[in-house]
Structures are given as structure tokens and as C-alpha cells.
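Chemist: Got these off TrEMBL a minute ago, pasting:
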TRANSMEM  70-94  transmembrane segment
TRANSMEM  114-143  transmembrane segment
TRANSMEM  163-180  transmembrane segment
TRANSMEM  192-212  transmembrane segment
TRANSMEM  218-237  transmembrane segment
TRANSMEM  274-294  transmembrane segment
TRANSMEM  327-344  transmembrane segment
TRANSMEM  385-406  transmembrane segment
TRANSMEM  412-430  transmembrane segment
Amino acid sequence: MLSNILNIFKVPDLRNKLLFTFMIVALYRVGAAIRVPGVDPLAIDQLREGSQDGALGLFNLFSGGAFESFSVFALGIMPYITASIIMQVLGVVIPKLEELQQQGAVGQRKITQYTRYVTIALATLQATVLVFLFGTGGGGAFFSAVQAPSVPLLPDGIWPRGYLIIPTLVAGTAVLMWMGEMISQRGIGNGMSMIIFASVVASVPGGFYSILQVNKEFWFVVMIIVSLAIIVAVVFVELGQRRIPVQFAKRVVGRRMMGGQNTYIPLKVNQSGVIPIIFASSILLLPAILASFFGSGDPNADEWSWAWIRGQIQEGVDQYILNSQNIVYVSLFALLIIAFAYFYNSIAFDPVRQADQIRRQGGFIPGVRPGPQTEAYLAKAVNRITLPGAVFIALIAITPYLILWAADVNGFAFAGTSILISVGVSLELMRQIDSQLMLRNYEGFLK
């Protein structure tokens, strides 16, 4: 095994790709430590407290801790992820985008260009919201009521410093997007996945340390054991797939006999990855955003007065939406994950298109007639495999919440999500390295 790993460094091309990838990741981590100038340190401390769990916790996870310190990479890669999801959804709705998806590399380049534009637009929107909400101290709706009052990030007001911070944050996202594309072109693995992987791995030690900080040694050991069990489960599920056999009839092309081979359609148990978790967290963030626009209220004011209504809204958001140690939050989170897993899989795998592609290539599924019956068969297979995958993702996501709830610890709630991302990216990276080694007649290390 060790000799096979050492073979990686014997191949100059592969070695250079790995070194280039590590260099880009190191530059990213340096940038994540450079704080945006002019922000209040007290506000940074409060932001760090409020971004331990909930939707802000996920936002901080994908930025590798850059969000809680409000660095130049505070937005992280989330705008790009959101833009990619939007383009994927629009590809089903807009015929022009659907045509581009079917045009191979040329169409993919065009879609990538559109994704960049959407990323910059989303980054500008998110940076503006962050600066105007947290800059004036109006972001208190994102934190629970038990935390300290909201301190303005910009003590001297939005103008002029806030208008300089907005393009700085947008430029940070653009640089991250460029880094990801450079890794994809000149490094190893998918660039954006490697950026996310670096962000997640950087947040893991701090998450475990937050449990030790409150003298919860027993629960620290429990989290270690549960994390190891989750790693085993994620590897098992990530490698699991249902293979639908496809046979191709023989046909004569010129003087050659073509076709006749057997292949299969691989349906992964977890086709959607962590995207349902991102969707669910974003939806749970919406009530906090709406509550922030209403402003703070007083639950003890005269009944049905505007101040009382605002107070009730804020209290409901604090208790049920922002408080992860609550059965309502955990239940909503799990149900949204399952719902979005079905939604994403219905977009990512189209039975009608797949059945039509099989028919055009002269193939068929044994025992199933081409056409509508093949479509129904594929749709049924996808639905049956989506349920266990969706339930698995939901369990992985909420298990750390339940353990930390029992331990009365507020932090590292996204341990399951972190492991899901880390294992998924690691397996894909290992596959690519293995294929590069075998291409050069070296023995791979995956069995």
C-alpha cells in the first residue's frame, strides 16, 4: 500500500498536479485569514458566536471559518454553488439551456460562462445584504435572543467604508472561483470541490475543540466515536449503487458489426450529495432574513400592536428557526432535506431523456419494452433508491444536532455534513489519482 502511494510522486505530471493543487489551497487558506479592514472586533466576536449552527453555521462551514472572521473570502464558494444549482434547475425550464447541455464541451463552456455571471450577481447581492444588515447592527435577527445584542460591524457607518467592503467581498468570491477553475485545469480533482474540501477540513478541529472548551470530555469522546461511525457509513453509501443492465443489439455499419455489448446505468444511493442540506439550510434562513426587515419588537407590548407582532415574530424565529436545540428545528431540517433530495434527483436524472437516449443508441433494458415502459421502469427505480438515500442524508445531518442537544453544547452542529463532504471529495480524488497511476502502468491503491 505504501509503495503504491509513493508511486504518486514518481510520476512527474501527477506530482506537479498535486503540488499545484496544494499551492492553490494554501493560498486560499492565507486569504481566509486576511480580515476586511475597518470592522469592529467586538462585532467579529459576536459574529463568531452566532455562526456556530443553523444556516449561518453552514455558511461559515463552506467559507472555512472566513465568514466568522469577516475576511476577504467571507462569502466563500457559496455564491458559486448556488449559481450552479440555479443553472441546473433552469436547464430543465429553459429550452435554450437544455440545448446547451446536450452540445457537449462547447455547450458546457457557455453554461460555465453564464454560471460565472450569476455567481458575481449573487455575490454582489449577498455582500450588500451582509454589509447593510451587520454593518449597522441590524443583523440581530440572525442570532438567538440569548446572545449578546447586535454590535455594528462598521462603527462609523456604512459610508464610505461599507461601499469599499462590498466590492472587496465580491472580488474575494471571484478569486475563489478562479482558483477552483485553475485546480480543475492544471491540478487534480474538481477545483470547486477541493476548495469546499479545504474549507470543511479547516473547520473540523475547531468544532471538536469547542466541545472540550465547555468541559464535556465524555461527549467529546462520543462525538469522536459517532464521527468514525459516520465515516464508515458514508463510505459504504457513497460507493453503493444500483446497476440497471442495458443491452445493445448488433447492427452492421459499413463492413463492420457494431454493438452487441452489455453495459449498465449506475444509480447511486446518494445521488444528490450535500445539495439537499444546502437547500434546507437556505430555506431555514429565509424567516431570519424576513424578520430582520421587520426590525426588533417587544413581546410584552400591547397585544396586537405593531411592536407586539414584531416581537412575536422575532421570538418565534429565535425559538423555532434559529435554535437548533429544538425538536421543531430538527424535524423541519430533516423533512426539508428529504424533500429537496427528491426534488434534486428529479432534475439530475430525467427518465424520459435517459430512455430516449437508450432507444436512439439501439439499446434496451432486458425484460422491459422500449418507450413508455422503459421510462416508467427508470422512474420507479430512481424513486425507490432516492428514499433510503434521502433518509440517510437527513440522519447524517441531524445526528450531531441530537448529540450536542443532549450534551447541551452549542457548536459543531455540522459534523455530519463535514464528514459527508470530506469523504465524498476524498473518494473522488482517490479515484482520479488511481486512474492516473493505472494510465501510466502503475498499480493503483484502490481495490
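Just so it is clear, glycine is given a Cβ too, placed from its N, Cα and C backbone atoms.
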Chemist: For the transmembrane segment (163-180), I need the partner stretch with the highest count of C-beta pairs below 8 angstroms, choosing only from 70-94, 192-212, 385-406.
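Modeler: That would be 70-94.
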Chemist: Of the listed stretches 70-94, 218-237, 412-430, which one has the most C-beta pairs under 8 A with the transmembrane segment (192-212)?
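Modeler: Stretch with maximum Cβ contacts: 412-430.
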Chemist: Taking contact to mean three or more C-beta pairs under 8 angstroms, with sequence separation of 6 or more, is the transmembrane segment (412-430) in contact with the transmembrane segment (218-237)?
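Modeler: Contact between the transmembrane segment (412-430) and the transmembrane segment (218-237): present.
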